[in-house]
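Below is one structure, written out as C-alpha cells, with a few remarks after it.
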C-alpha cells in the first residue's frame, strides 16, 4: 500500500460531518428499535442492571458478615481448645513419670488434685467451645439467603442476555435488508423480525448466534 493511499481524501469527512453521521445512525437505530418494539426490551434490560448490582452488594454484605462471625468464633474457641490440649499433655506426662518412679505421698496428692481440677474444668471449656461452634454453624445461614438471591440474579442475567441478543438479531436482519426495503419503498417492519423456525433467514441454532455475535464484534 502506498503512502498516498493512506492519506485522507481531499474532500473527506470533517469532524462535523462525522458527528452528524453518528447522530443520524443513532436516530435510525432508536427509530428502528421503537418500530420493532425493541425499545422496551432494551429499557427492561437496562433496568435489570441496577437491580443486579444491588443484589451483588447484598451478597457481598452477607458473606462478609458471615466471615466475621466465623472468624470471631474461631478466635474465642481456639485458645480454649489449645489450653485443654496443653493441660492434658502436661498431666499425661506427669502421670507417666510418677508410674515410672512412684514418689512420696505429697507429690502424688498434688498430681491427683491437679488432675481433678483439670477434669472439673473440661466441661466448662468444652461447653464454651461448643457455643462457638454453634455460632460458626449459624453464620452459614447466609447461604440459604444468598443462594436464593443468586438464583434470582441468574434469571435476571439470562433475561438480559435474551433481550439484548434479540436486539442484535433483529437489527442484524434490519441492516441486511435495509437497501432492499428502500428500493421497494415498502417497510418490512410491519411483520416484525423473523426468528422462528421455517424461515430461511431465521436464527435457529447456537452456532448461528455465535457467528452473529462474532460478526458484530462481541
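Including glycine, each Cβ sits where the backbone N, Cα and C put it.
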Margin query: Looking at 147-175, 176-204, I want to know which stretch TrEMBL calls region 'Disordered'.
Written below: 176-204
Note to self: Suppose we draw a 10 Å sphere around the Cβ of residue 148 (site 'Enhances dephosphorylation of CheY-P'). How many other Cβ atoms does it contain, all chains included?
What the structure shows: 10
